[in-house]
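Annotated FAD binding site per Swiss-Prot: 13, 14, 15, 16, 17, 18, in sequence order. Taken from Swiss-Prot, the feature NAD(+) binding site applies to 273-287, supported by sequence analysis.
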């Protein structure tokens with residue numbers, strides 16, 4: 001059957017990348033189709049039931065600032081909230097939400113089903129319709145043809161997915177779901193640069209069989225933080241504890257004894273696993289000097305006894321899993337509800353993508369999520385939103401948009417993937433961003449919501465809330481600049497009495513806030529401020545970090561000069577005099593779009609960038625005189 005409706009955007013896959021891609025395109029007014037193999041698994045958390053964390057929550061806030069769904073779903077489904085790095089600087093603080101899987105998934109589905117311009121269809125995609133070098137649509141498993149101006153692929157771990165438990169293996173996209181074999185084969189036929197990666201998940205445990213009395217409880221923070229700029233604590237369901245226990249030497253001996261049947265250590269698995277989320281087999285091998293590792297027992301939801309034992313991801317045979325779980329303190333009688341497993345899947349070298357996440361080889365075809373070599377819900381969601389918005393803009397022949405490294409962690413993510421490529425699952429960290437003081441979790445809305453509004457991603461309700469917040473920040477900052485404390489006036493005396501600090505000369509309330517040991521709460525009490533905590537936090541960070549932020553702005557200004565120098569798509573690196581063969585090959589492989597991107601390619605020296613710049617200028621001069 002040839003479906004009669006022609007779509008602007010078709011999104012294949014209903015995971016974290018796919019849902020954000022479909023929602024972004026539909027919010028922008030494009031006729032959008034979301035194809036999923038199972039409507040019941042839309043927004044499914046395939047592994048850890050948590051959103052956020054170091055570096056990751058910055059991405060979640062950026063998705064939220066652009067009108068995305070992930071943060072709001074985390075607020076509606078979160079059963080424990082914590083601020084990580086709370087004693088460190090604002091740049092590296094991160095919010096983490098332990099989520100109820102069912103509530104999170106329900107929140108995502110509700111948003112999808114109520115989004116205008118979005119159709120959902122349950123059917124696996126088996127083929128892409130490609131005419132010449134342009135994608136024209138999709139053919140489903142039943143042979144239904146859907147035509148579209150653009151297609152976004154967000155296939156997660158489903159492309160050629162193989163599940164491993166010990167030396168036994170089976171085809172699967174995740175436990176209980178079939179893989180995408182036909183689509184994987186079709187993509188290989190298109191000569192896209194394919195590789196294999198691996199990820200894994202731990203066995204799930206029945207909480208009724210666990211002795212929590214010998215474990216350390218880990219409560220959430222109070223007052224509870226929120227994930228979304230539009231969120232509120234009233235959205236949160238009941239809050240619960242997680243628990244901490246540890247592996248021991250007996251556990252490690254059991255694991256070592258099973259390595260001869262490990263698919264990772266017998267060469268059965270060829271794909272590379274995530275460096276920053278290693279299996280328990282990897283941990284005892286790589287950190288052999290450690291006699292124990294932490295295990296976090298995390299509830300999967302409020303209406304289930306299922307626990308996620310974070311820290312013991314494994315693909316060992318089930319009998320070894322059984323023994324290793326029962327060797328851990330408090331889990332001596334543990335019942336395993338689901339075995340742990342590893343999954344191996346196809347991914348495509350992200351260096352074959354444009355910065356818009358469109359493939360260089362096929363016009364109108366976009367990739368997002370694990371297909372690009374990343375790991376994590378947050379990284380997937382960020383790519384999905386960018387791919388969705390750019391597919392939407394291409395469909396209407398509008399200029400596409402991707403944030404720069406100084407604008408967003410999304411920009412860092414995309415630039416890293418396309419400039420550097422990846423041979424292992426890529427995870428975001430704050431350390432990957434040069435301008436992290438400017439790219440904080442708390443100011444994602446200030447960086448991106450205005451842009452999102454211009455792109456058509458931000459609705460009237462979110463825009464009004466953002467404008468109201470920024471007006472409150474401006475009003476309160478101005479008020480504090482005009483309130484003065486002096487050694488002999490009432491406000492000055494109250495300040496000294498409250499804080500025990502010295503006050504030798506007249507200062508504005510803003511100047512008092514600049515002091516390292518003074519926080520906004522104290523200034524609010526001193527001056528009778530009634531603004532929200534969010535507004536107060538913005539003012540405090542802006543005041544305390546003003547000097548550092550100004551210096552980063554100067555660094556960005558220097559970088560922009562390189563960013564503004566575009567390298568023509570057909571630029572011939574072979575004619576650049578003085579370039580080494582090695583650097584020439586690297587530049588030809590990556591095909592950087594700007595001098596700034598060229599400068600970030602490993603092994604490309606500043607002198608080489610200078611040579612490229614000189615050649616570009618010579619070429620431009622030649623064209624002008626021709």
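Using the three backbone atoms N, Cα and C, a Cβ is placed for every residue, glycine included.
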Spatial neighbours of residue 273 (NAD(+) binding site) that are distant in sequence (at least 6 apart) but have CB under 8 A: 197, 198, 199, 200, 264, 279, 282, 342, 424, 425
Cα distance (Å, whole number) from residue 275 (NAD(+) binding site) to residue 16 (FAD binding site): 21
Collapsed DSSP category at residue 13 (FAD binding site): coil
Collapsed DSSP category at residue 283 (NAD(+) binding site): helix
Near-site residues: FAD, ref 13, 14, 15, 16, 17, 18, CB cutoff 8 A to centroid: 11, 19, 20, 21, 36, 43, 154, 156, 369, 380, 384
Residue among binding-site residues 13, 14, 15 with least C-beta crowding, 10 angstrom cut-off: 14
Among 277, 281, 285, 287, which are recorded as binding-site residues, the nearest neighbour of residue 15 (FAD binding site) by Cα: 277
For residue 277 (NAD(+) binding site): DSSP state (helix, strand, coil): coil
Cα-Cα distance linking residue 13 (FAD binding site) and residue 285 (NAD(+) binding site), given in Å to the nearest integer: 35
Nearest-integer angstrom distance between the alpha carbons (Cα) of residue 281 (NAD(+) binding site) and residue 13 (FAD binding site): 31
Under 8 Å by Cβ from residue 287 (NAD(+) binding site), counting only residues of that chain that are 6 or more apart: 293
Spatial separation of residue 283 (NAD(+) binding site) from residue 18 (FAD binding site) - C-alpha basis, Å: 32
Among 17, 277 [binding-site residues], residue with fewest other Cβ within 10 Å: 277
Rounded inter-Cα distance in Å - residue 283 (NAD(+) binding site), residue 17 (FAD binding site): 29
The one of 16, 275, 283 whose CB sees the fewest other CB atoms within 10 Å, among these binding-site residues: 275
Residue 285 (NAD(+) binding site), number of other Cβ atoms within 10 Å: 17
